[in-house]
Amino acid sequence: MVEIPAGSAGAVPSAEVEDVELYHPKSWWTKYVFSQDAKIIAVQYSVTAISIGLVALVLSWLMRLQLAFPGYFEFIDADSYYQFITMHGMIMVIYLLTALFLGGFGNYLIPLMVGARDMVFPYANMLSYWVYLIAVLILVGGFFAPGGPTGAGWTLYPPQAVLSGTPGGKDWGILLMLSSLIVFIIGFTMGGLNYVVTVLQGRTRGMTLMRMPLTVWGIFTATVMALLAFPALFVACVMMLFDRLLGTSFFMPAIVEMGEQLQHGGGSPILFQHLFWFFGHPEVYIVALPAFGIVSDLISTHARKNIFGYRMMVWAIVIIGALSFIVWAHHMYVSGMNPAFGFFFATTTLIIAIPTAIKVYNWVLTLWRGDIHLTLPMLFALAFIVTFVNGGLTGLFLGNVVVDVPLSDTMFVVAHFHMVMGVAPILVIFGAIYHWYPKVTGRMLNDALGHIHFWTTFLGTYAIFFPMHYLGLLGVPRRYYELGETAFVPPSAHTLNVFITVMALVVGAAQMIFLFNLIWSLFRGREAGGNPWRATTLEWQTPETPPAHGNWGKELPVVYRWAYDYSVPGAPEDFIPQTQPATGGTTREAIA
Amino acid sequence: MNVTLFFLTAVGAVIAWWMAGQRLTSKPWLEASPAQTTIAGREDPPAPAVKIGLYVFLGVVGALFSLSISAYFMRMESADWWGMPLPRLLWVNTALLASDSVALQWAKREVRHGRMEALRLALVAGFILGALFLAGQIEAWRQLSAAGYLLTDNPANSFFYMLTGLHGLHILGGLVVVGRTTVRAFAADAPSARLRLSAGLCTVYFHFMLAVWLILFALFAGWANDFVDLCRQLLS
């Protein structure tokens, strides 16, 4: 079908790609701490993100305890409850998910998967991590500042975010939060330039864009989106800092605080919402697209089958990325917008379901008649598909203005976004860790512990978030510190709240098993070998495991085929690595 | 947010144009040889990574300013907005920044011809003109606040100070790079590939910042408003 001269592959000299100058560390410090090696930076990013994520996990326990047993815990008052909510949301979305997917997986996988020795700007890459760490430290500083962290909700809507009624509004809380975000964005931009330019310029010979694994496509597109979307948050944070510190009125309307007329006037809180959600909606896909990419690779590898509709998958990633920039106002239906705008944004929101559905169908069709190995990465990938479909479907409800308006302030929304951008990407992260841990450390994670972790997490998160849909439909409001005596909330809702809290504690405890597994397997895990999953992509073909500095030994790999040659008819094994040249009979032309 | 959407459409067009050249319709599962795809594709030496990096960065900076300008227009619609007079000095500053661009363009030409003396002169001129621009901006701030146009009095003032400040910080960052390039130019006897690249990239960056400044200037002077009104009428 395609006229490629057979056998021409052997004639390609393999060292023709210009080799890059690598920075070689001279001491222990520059090798492991101030390292410019993307693999070390990736581990640093991941460890920091997971550590701060644990803080957010504990915060969610505290919130759930308050909701189930209001008044039992004296140290949780209304103020601290809002602080827990705010910090939980902000940490999970930005400091855990964004940092882990792009900073962690991006750093580790991009150079290895495209066959580069390292990122193109290793120094900026190192700086990116340290700036990220500073952002995290500023954020954590909020807990120790007088007045505590901000309690404005993760959306930080003015004017309440900078007034004295909100915890941290007139203290350090909001200042630290805004500065932390600004620092995070600066650090991310340094890293983001690296990820994009490495994919553009660092690919090895033969690695065309359409031969890249979908993981790289997902991370690449998400990074481009993040680079364009984070400036909106940056502008919003800077302007709010001006309002709070210098007394300008970008967002602050004329307002009376504690009986006192403030000097602000005329500002537009809606303007903030536009800026915030212009970042906030792409952010959902910044988290989702890497997950989409990774899950495609997990499914293909562990079902021993080429991904169904690779081209469609790539196009869908790009189209989702583009569309996600014109749906932001669907977060603002309740802000009193022009119905024509509401109609426009509802339409674009529903249109985005098309490329997303294409992806889901393609995953399912990849599984169809595949040689499915129910390994842990596969289990997590399957769980992701189910959870994502679930959360996505409620998204279709909420995308419609008339349905969203009554549901917007209820637990239904909490259930929706936790399913679709909380649990679903986290399941992928777990799957990805089980999948790539052997490459990072050279050892396998323990299977038995992994199964306990998987089943508790998967079933447990359903037990947590599924009932929340029901609570939402009952009209149980979100963001409430306690329900009190409310006529429309039946007693069963309170029982359900207790159940959800117990499950939240159980699922949280299961994560401790996972952490134990990570540390224990580092020393006692089974030796993995170079390619335990018999995968085709480049990172599994490194001469050493874990890959050494420079990744590829003397010569860069040459790529001869796409990333999904699994179960090719006539091939001696059920996978053909991307580095294997074409020889008669093993390629698809033979059967095309 | 129209300004932002215009900007994003432009970025999207560039991405689409680039992707159109990437054989996105190829069927990778049918080709098992690097022959066609790479030897043909890699005949030109690949563009240096720093160059691509700079263009991507300019995309980020562009997004930052177009979002700020969007915010400017949205805030402007409220009743408490009074435009502020522009100090004459801003015209001088504009001229300074424009001549800075010219000086760097000159530097780029000289480095290509390998004339080191002229290159050093051009880079120094570029650096000084940029520094003068910054000094001029600060002087403009001083004049305005002396005349009673303070940051908090009015959203127009707030935006003026914020946007010029943001732009000034970007110029400052650019000046650091120009300064380093100048030092390197004095240290070298002949133009190295690296020096040639740096000079070229500085030029691109300052042209971009000049364009941003001209847009901001038009905004502050109120010319952009008529244009936007016209666009609004066309849209509605």
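Backbone N, Cα and C atoms are what each Cβ position is placed from, and that goes for glycine too.
Going by TrEMBL, these are the annotated features:
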- A:23-560: domain 'Cytochrome oxidase subunit I profile' (DOMAIN)
- A:40-62: transmembrane segment (TRANSMEM)
- A:82-110: transmembrane segment (TRANSMEM)
- A:130-152: transmembrane segment (TRANSMEM)
- A:172-193: transmembrane segment (TRANSMEM)
- A:214-242: transmembrane segment (TRANSMEM)
- A:284-300: transmembrane segment (TRANSMEM)
- A:312-334: transmembrane segment (TRANSMEM)
- A:340-364: transmembrane segment (TRANSMEM)
- A:376-399: transmembrane segment (TRANSMEM)
- A:411-434: transmembrane segment (TRANSMEM)
- A:454-476: transmembrane segment (TRANSMEM)
- A:496-520: transmembrane segment (TRANSMEM)
Discussion item. Which range wins on Cβ pairs under 8 Å with the transmembrane segment (A:214-242): A:82-110, A:284-300, A:312-334, A:496-520?
Written reply: A:284-300
Practice prompt. Calculate the per-residue pLDDT averaged over the domain 'Cytochrome oxidase subunit I profile' (A:23-560) and state the result as an integer.
Written response: 93
Worksheet, complete the sentence: For the transmembrane segment (A:40-62), out of A:82-110, A:130-152, A:172-193, A:376-399, A:496-520, most C-beta pairs under 8 A are with A:82-110
Response to the item:
Within the same chain, the residues 6 or more beyond the ends of the transmembrane segment (A:340-364) and with Cβ under 8 Å of it are 292, 295-296, 299, 307-309, 312-313, 315-317, 319-320, 323-324, 326-330, 333, 381, 385, 388-389, 392, 395-396, 399-401
Worksheet, complete the sentence: With the greatest number of Cβ pairs under 8 Å to the transmembrane segment (A:454-476), the stretch among A:82-110, A:130-152, A:284-300, A:376-399, A:411-434 is A:411-434
Worksheet item: When only pairs 6 or more apart in sequence are counted, do the transmembrane segment (A:172-193) and the transmembrane segment (A:284-300) reach 3 or more Cβ pairs under 8 Å?
Response: no
